[in-house]
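Residues or ranges marked as active site, charge relay system by Swiss-Prot on the basis of sequence analysis: Asp189, His233, Ser534. Marked as domain 'Inhibitor I9' by Swiss-Prot on the basis of sequence analysis: 57-142. Per Swiss-Prot, domain 'Peptidase S8' is recorded for 158-597, and the stated evidence type is sequence analysis. The domain 'PA' feature in Swiss-Prot is assigned to 383-461; the stated evidence is sequence analysis. Per Swiss-Prot, signal peptide is recorded for 1-28.
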Amino acid sequence: MKKGIIRFLLVSFVLFFALSTGITGVQAAPASSKTSADLEKAEVFGDIDMTTSKKTTVIVELKEKSLAEAKEAGESQSKSKLKTARTKAKNKAIKAVKNGKVNREYEQVFSGFSMKLPANEIPKLLAVKDVKAVYPNVTYKTDNMKDKDVTISEDAVSPQMDDSAPYIGANDAWDLGYTGKGIKVAIIDTGVEYNHPDLKKNFGQYKGYDFVDNDYDPKETPTGDPRGEATDHGTHVAGTVAANGTIKGVAPDATLLAYRVLGPGGSGTTENVIAGVERAVQDGADVMNLSLGNSLNNPDWATSTALDWAMSEGVVAVTSNGNSGPNGWTVGSPGTSREAISVGATQLPLNEYAVTFGSYSSAKVMGYNKEDDVKALNNKEVELVEAGIGEAKDFEGKDLTGKVAVVKRGSIAFVDKADNAKKAGAIGMVVYNNLSGEIEANVPGMSVPTIKLSLEDGEKLVSALKAGETKTTFKLTVSKALGEQVADFSSRGPVMDTWMIKPDISAPGVNIVSTIPTHDPDHPYGYGSKQGTSMASPHIAGAVAVIKQAKPKWSVEQIKAAIMNTAVTLKDSDGEVYPHNAQGAGSARIMNAIKADSLVSPGSYSYGTFLKENGNETKNETFTIENQSSIRKSYTLEYSFNGSGISTSGTSRVVIPAHQTGKATAKVKVNTKKTKAGTYEGTVIVREGGKTVAKVPTLLIVKEPDYPRVTSVSVSEGSVQGTYQIETYLPAGAEELAFLVYDSNLDFAGQAGIYKNQDKGYQYFDWDGTINGGTKLPAGEYYLLAYAANKGKSSQVLTEEPFTVE
């Protein structure tokens, strides 16, 4: 809903204002100019606003290598030596800045500390000789679609709901005795309700650590916490990995460790996320799952590099890819990690239904949870009951038992309307648009079968109900059998700067039923359905635990290669193969990975960018093929790329003795004069004995890719009461930048400011809360939209949460 309405209003705005250079109540925070001395200073990530005296927390990376980095480089490093160097750097930093305080310290996968200080003191911190880089302490959130969460009572949980683990092959692995036994999986999340009956077996005496409250009790945020909303996300993730009760996770005998890094409301910051990763490595975790992220598409962000070094320490790091799809370039940190396994979300196979009833030609099925519910509604005369906009109060005093609710779009999410209808006893719902035309959205997993109508048909239906025509019969037929589909919300790559394909792999992430705390003292433990890449990632973390038990000698690189090499290629509803940056290598299959005796790495590869002005340009990549079998094998290789002006060649045959490795070089030549600017995909196919053993996705980009012109925007309180600071991220700068204000109903309120020729990176603007040349915004909640245009392309992004004007 947000995207459609905002897009319409934005077009109107651009046509009307033509992006002139006038500004209203927004003033750019002055940028500090660089001098030759700056070249000797530490690098700043995120273009932090260093003009305000307001205190902020930053992550400080030191030149002294972390334990993991030194080990990888073959250098001698010890905790005592590193601690001495860190203490020396801390003392220098505290002496250099005013009112600075060190918070957390890091040594295992990141060398440095977090520090709170006035922002205008950061330049002095950068000048400290031992400091390598400074990062802002950005916010991380759970990667689930909160508006689609559904709580399920224990007696309603059935084996039919527990489909996703068997679908990726967990049951077959269990039959062979591979259940994740002996493997430690770290859940770095909102905490875990480890007393849940389905999770008790997975925890030992040591549960993990709580970095929010700084104690050894990493439970979820409870109801009534004055700091914010109760959480259940980490418990759901833990159940998907390893529940062992009514619900069975992918690796039911794995040992779990919980690290609470996200607090009330499912929100946390960089300093705690890095601390959680550090502690998991130090505690001996074999696998770690991070179902969290932000909108920063940057491979060198502190959390992303922390996962890179965790992988180098032999811990398989699995992370969600984000929920900002379906557009490209939407993957965020830590999904941008070079080494970790980033996971996209899919929806399990289902039947798509067509519906007819009455004379309502716009009728379409929006979504459903169980196919049996759809069949129960088919060819059955039912009574329709009008229920306003579907809020809980609209059902008060109405008998919906065995009936179908008719509601109007607006105010609350479709899933909430369906949940309210179900609670009132309804067996179905009809929702009609609140704008002219049809509803575009389809929402899988609606708690009751839901049929959508256009505004015109909806008003016609309501008129009929008022006239006493309340009975109808729905005729539902299967229109298409859909295979496993990539979820629209699943974020896409590539990663900026590295141009890497992301996600690496995909797994089920829609309508996943798992364990949750109910926060109800009488019935504290329950089950819930959630969706998001947060739900996909623990499927892979569990799969890794199972594979690691089956293949205890495999390295993190071998496990990653096995999962990617043996994945199933996914096709969309039209039978077209999904792009690499939508599905990665495909959908994971546990048994395929366990049975693999040939491994190809890397599991995907990007050749990077080819500049238009360079004409003919050639790049090579060497792939490693590992023969894990006890016999000599002969491998053949095929190379392909879409797009004219691109040719491929390389090693066509490699013979590898038993338990040995071989090399194959893949070459791509691009005539950029014949190839249009854009992103192009290829594949390296490796066969042995006529059987495909690996399909390796490849990628290249000609000239300037169609990256988003703006990726994030937020509003916070300004240094003066009643003012605000706007923060936005421009990946390559912007020729035109506008800030537009929308009220809580997403109706356009006015323009906050318009700019031209902005630099790349983080930009900060002081705003006095006025619109359209000085009009003060009335008290209430608002959203801010950032619109940026550069080199003929434009993008827009809306604040994730509303801000309050008092």
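Cβ from N, Cα, C; glycine included.
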C-alpha spacing of Ser534 (active site, charge relay system) relative to His233 (active site, charge relay system), in angstrom: 9
Rounding to whole Å, the Cα atoms of Ser534 (active site, charge relay system) and Asp189 (active site, charge relay system) are apart by 10
What are the sequence-distant neighbours of Asp189 (active site, charge relay system), meaning same chain, six or more residues apart, C-beta distance under 8 angstroms? Thr142, His233, Gly234, Val237, Ala238, Ala258, Tyr259, Arg260, Val261, Leu262, Asn289, Leu290, Ser291, Leu292
Mapped onto three states, the DSSP assignment of Asp189 (active site, charge relay system) reads strand
When the domain 'Inhibitor I9' (57-142) is classified with DSSP, how many of its residues are helical, how many are strand and how many are coil? 32 helix, 29 strand, 25 coil
What mean pLDDT score does the domain 'Peptidase S8' (158-597) have in the model? 94
Across the domain 'PA' (383-461), what are the DSSP residue counts per state (helix, strand, coil)? 21 helix, 20 strand, 38 coil
